[in-house]
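Below is one structure, written out as structure tokens, with a few remarks after it.
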Amino acid sequence: MTDPIALAVIGGTGLYKLAALEGAHALEGETIYGKPSGPLRIGRIAGKRVAFLARHGEGHSLPPHKINYRANLRRLKDIGATRVLAINAVGGITDHYGPRVIGCPDQIIDYTWGRISTLCEEPGTEVLHVDFTEPYTASLRRDVLAAASLTGIAMVDGGCYGATQGPRLETRAEIARMRRDGCDLVGMTGMPEAGLARELGLDYACLALVANWAAGCGDAGEITLEEVLANVEAATAPLPNLLEAMLR
Ligand code: HPA
């Protein structure tokens, strides 16, 4: 019998493969909610089994509002994953969240619309009102932060992730409103993913990689894809060490 999946990682914009994954093989599959964004890549880090899924598809073909979040999480649950580390490229709103900073937020505000955001839609399904006071799992956040501290990776502990609809970036006024609401970060994929993970009983935490200053923040001018990808690539560099330390 194979050992259990110790960690599932969902990669966001700029992270379509997990370099640290040893001996990875692809695992295709479907769920009761349809197809996930792509195959799972199953391999090992620090000797432990790890599953990786590229949220937007391996060729980044899915915009945030078209991702089948339900199928992605259901698929991870179906293969026995219990802990999910979500990696999200984000824009930084508040001062300590400048480009290339890595953060582990502790709150979310959901500004998305029209996405299927629950597993309780199907007729006959029991309606769950899951507690979401703390949207991220405290023990998984602690493990992420402890691994960062152990390996000397600078990481901001806490902050509020504002999930927007996309795929366009925000206006200056939208970001100003989000700042007033208490958001530190802005991204397009944090919800409904986190809420669905809670409904499925999966431990879930977010590693936010700051790709750019959000509209009107810091020295932001026009936000370009080149800037976003270069900063995400830089912020991704410590990931192998972080995952290794988490799984050791
Ligand atoms: N806004 C929303 N999502 C993002 C951004 C942004 O500025 N940067 C990376 N993902």
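Just so you know, glycine gets a Cβ as well, placed from its N, Cα and C.
Bear in mind that the values here come from a model prediction, so they are computed numbers and not experimental data.
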Looking at phosphate binding as recorded in TrEMBL, which candidate out of Thr13, Thr151, Thr236 goes with Arg55, His56, Thr189?
Thr13
Listed binding-site residues with Cβ under 6 Å from ligand 1, out of His56, Met188, Asn212, Trp213, Ala214:
Met188, Asn212, Ala214
Alpha-carbon spacing, Arg55 (phosphate binding site) to Met188 (substrate binding site), which is rounded to whole Å:
12
Considering Cα atoms only, can you say which of Thr13, His56, Glu170, Thr189, Leu225 is the nearest neighbour of Asn212 (substrate binding site) among these recorded positions?
Leu225
